[in-house]
Amino acid sequence: MRHGRAFWLFVGPFAIGLLVFVYVPIAWSLLLSFFDARNTVTPTEFVGLRNYVDMLTDAPFLRSLGTFSVFAAFIVPLTFVLALALALLVNQISFMKAFFRSVFFLPTACSYVVASLVWKLSIFNGVRFGLANTVLGWFGAEPIAWTVSTSPPWYWLVLVTLRLWLQLGFYMILFIAGLQRIPQHLYEAAWIDGASRGWQTLRYITLPQLRTTSVAVLLLLLIAAYQAFDEFYNVLGTDRGYPPFARPPLIYLYYTALGSGGQDFGHGSAGAVILTLLIAGVTLLQGRVITR
Amino acid sequence: MISRRRLLSLAGASALLAACGSNTGRGGNGQALKQWYHAYGEPGVQQAVERYAKSYTKTQVDVQWNPGDYDSKLATSLLSDGGPDVFESTPQISSVRAGQLVPLDDVFGDAKSDFSESILATHTVDGKIYGVPQAVDMQMLFYRKSFFDQAGVRPPSTVDELIDASRRLTKGGVKGLFAGNDGGGGVLGGPALWSAGLDYVRDHQVGFDDPVAAQAIGKLRELYTSDSLLLGAVKDWAEPDAFTQGLVAMQWTGLWTVPAIQKALGDDFGVLPFPKLTGNGKPSVPVGAFGAMVNAKSKRINEAKEFVRWLWIERTDHQEDFNLSYGFHIPPRKSIAGKASKLTSGAAADAVKFVQDNAKASNPPDWTSVMRTAFNDAVSRVVRDGAPADAEIKGAAQKARDELKRLYG
C-alpha cells in the first residue's frame with residue numbers, strides 16, 4: 001500500500017519521536033550492556049557477557065527481583081479484584097453514575113510524585129500529629145513510624161494503599177468499558193433460562209465476556225508492578241540513597257547507572273535487559289495460562 | 001556538601017526555566033559560560049550567585065539553579081557536549097579517571113597555602129586538585145540545654161552516654177534524638193566508624209574491615225531499638241524543624257541550620273561532635289566542601305578557569321558573603337575564616353573548633369557509589385532489621401575491596 005503525503009504528515013513526527021526517543025535508546029542500551037561503560041556512553045572496552053554474569057550473581061539485584069515478584073503476586077490480583085468490584089458497583093447504580101465514575105477516576109490524573117509526598121508527609125508521617133497517627137491516638141495507641149519501621153514492615157501499607165488509590169480508577173474505567181460492551185440480550189436470555197441475578201450471571205455471563213479486558217488489565221498490572229519506581233522513590237528514598245528493602249529493580253538500576261560518582265551504564269543496561277526479558281517471560285506465561 | 005534538599009518534582013521546572021534563560025549577547029564570542037549550582041535551601045543564595053556572575057565583566061556567565069537530583073543530572077550532563085562549563089561538586093575518582101574534570105592546580109597560585117589542607121585533600125585525586133573549595137559544611141549534634149538540665153543529664157562524651165541520654169530524655173511526647181528518618185543509618189554510619197578509630201577508606205585499603213566496626217554499627221542498632229529516636233518527621237535531618245519545634249532533645253544536623261536554630265531557641269542549645277566509642281576512637285564531625293570545577297568537555301576551558309579563579313580566589317568578598325550571609329558555612333580560606341566575626345562565638349565557634357580538631361571527610365574522592373551503597377545497605381540492615389553486624393560489615397568490606405582493586409590495581 002502506498003501512503004500519501006497526509007499519512008506521513010500525521011504519522012511522521014510521531015514515528016520520528018518514537019525512533020529517536022525510544023528505539024535508538026533501547027538499541028544503545030543493548031549495545032552498552034556488552035561493554036565496560038563507566039562514566040561514558042561511547043565505550044570502547046568490549047566485555048561480552050560479563051555484565052550479565054555480574055548482574056545475575058549480584059545479590060541486591062536478585063533480591064529486588066525476588067521482592068518484586070512477590071509484590072506482583074500480591075498487588076496484581078488485589079488491584080484486579082478491587083477494580084472489577086468498583087466497576088460492577090459503579091455500573092450498577094442508577095443515580096449519579098457520572099459523578100461516581102469521575103470521583104474514582106480522578107486520582108489517576110494525580111501526579112505520582114505529588115501523591116507520594118501527600119502520603120509520606122501528611123497522612124503517614126511518623127510524628128504524633130500525622131493523620132494516621134492522630135487517628136491511632138484517639139484509640140490510645142502509640143504513634144507509628146510508618147515509612148521507617150521494618151518490623152512489622154508498615155511501609156508496605158503506605159505503598160500499597162498509595163498504589164491502589166492511584167491506579168484503581170484507571171483499571172475501573174477499563175472494566176466499565178468492557179462491561180458496557182456486553183450485549184444486554186445475553187443477560188435477558190440467561191434470566192429466561194432461570195439464572196439468578198447476581199452470582200450466576202456474573203459467573204457465567206459477565207466474567208467470560210470480560211475476558212479480553214481482563215487479559216489486558218492483568219498484562220498492564222503486571223508490567224506496572226515490575227516497573228514500579230515513582231512512588232517507591234519518593235516515599236522511601238532519602239538524600240542518603242534508597243534503603244535495601246522494598247527496592248524495585250528499576251530503582252536499583254537507576255542508582256547503578258546514574259548514581260553519583262559511579263555511573264556504570266554497562267551493568268545498568270545489562271540489568272535493564274534482564275528485567276525486560278523477565279517481564280516479557282512472565283507476561284507470555286500469563287497469557288498462555290489465561291487463554292488456555 | 002551533599003546536595004541535601006531534593007525535590008524530584010521540581011527537576012522538570014528547572015529545565016523549563018533554563019530554557020527561558022536570556023542571552024543578551026554580551027561577551028566576546030557570543031555565547032555565555034554556563035555555570036551550575038545545586039539548589040541551596042537558604043533564601044538568598046540563588047540571588048547572590050547570580051549577582052556574582054553578573055559582576056564578572058570579561059565574559060557573560062549564565063547561572064543555572066538545579067533543584068532536584070543534582071548529582072545524577074550533573075553526572076549525565078558531563079557525558080554530553082551540552083553540560084555546564086563551570087559547576088559545583090565534590091570530585092569523584094571515577095569522573096577523574098574518565099577525564100571529565102580539568103585539573104585546577106595552576107588556578108590557585110599563591111593562595112593555595114591559604115586554603116585549609118584537609119579540605120584541599122578532599123578535592124585532590126592522584127596528586128592533582130580538581131575543585132576550588134567554595135564553602136565548608138559540617139554536621140554535628142545539637143542539644144537543648146534546658147531539656148538536659150531538667151532531666152539531670154550531662155552532654156554525652158561517649159556513644160554509650162549518648163544512647164543513655166537519648167533514653168532518659170524521651171518522655172511526654174518528646175523523643176531523645178532525631179538523626180534522620182531512616183533511623184540514623186544514613187548519616188551516622190561514618191561517625192560510628194570514626195568513633196571506633198576506623199574510616200571508610202585508608203591508603204587505598206578498606207578502612208572498616210575490623211571486628212570493632214561491627215561493634216560500632218551495633219551501637220546504632222542499640223540506639224534504634226532504644227525507642228528514643230524520632231522517626232518519620234515531616235522534614236528530614238538536614239532541616240532544623242524537629243529540633244526547633246521541641247519534638248526532640250537532640251538532633252543530628254548541619255552547621256547551616258545554626259541561624260534558624262538561634263532565631264527559634266535563642267541560646268538554649270549547645271553543639272557536640274559525635275562522641276567516641278572506646279579509648280581508641282575519637283569524637284568526629286563529618287566535613288565536606290563543594291568546590292567549583294571545570295568541565296573537560298567545555299570548549300572554553302581557559303575562560304572557565306579564569307572565571308573560577310576570579311570568583312573564588314580573587315574575590316574574597318564573594319567567598320565571605322557566600323559562606324556567612326545566608327546559612328552558616330565555614331569559609332575554606334583561613335584568612336577569611338579567621339576574621340569572620342559570626343564564627344567567633346557560640347555554636348558556630350564550637351563548630352569551627354570541631355572542624356580543626358575532629359574533621360573527617362564525609363565524601364572522600366575514592367569512596368565510590370558502589371562502596372557507599374554496599375556500606376549503607378549493610379548499616380541499614382543491621383540498624384533497622386537487626387541483621388548480624390559482623391557478617392553484614394564483612395560483606396560490605398568485600399565489595400569495597402573489589403572496587404578498590406579495580407581502581408588502584
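Cβ atoms are placed via backbone N, Cα and C, with glycine included.
A TrEMBL annotation is a machine prediction, not a hand-curated record.
Feature annotation from TrEMBL assigns domain 'ABC transmembrane type-1' to A:65-286. Residues or ranges marked as transmembrane segment in TrEMBL: A:7-31, A:68-91, A:98-119, A:154-177, A:210-229, A:265-285.
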- Determine which recorded stretch among A:68-91, A:210-229, A:265-285 has the most C-beta pairs below 8 angstroms with the transmembrane segment (A:98-119). A:68-91
- Query: By a Cβ-Cβ criterion of under 8 Å, what residues six or more beyond either terminus of the transmembrane segment (A:265-285) are in contact with it?
  - Reply: 29-30, 32-38, 40-41, 43, 47, 51-52, 54-56, 58, 61, 65, 72, 219, 222-223, 226-227, 249-250, 252-254, 256-258
- Contacting positions for the transmembrane segment (A:68-91) when only residues 6+ beyond its ends and CB under 8 Å are counted: 97, 100-101, 104, 160, 163-164, 167-168, 171-176, 178-180, 202, 206, 210, 214, 217-218, 221-222, 225-226, 228, 248-249, 282
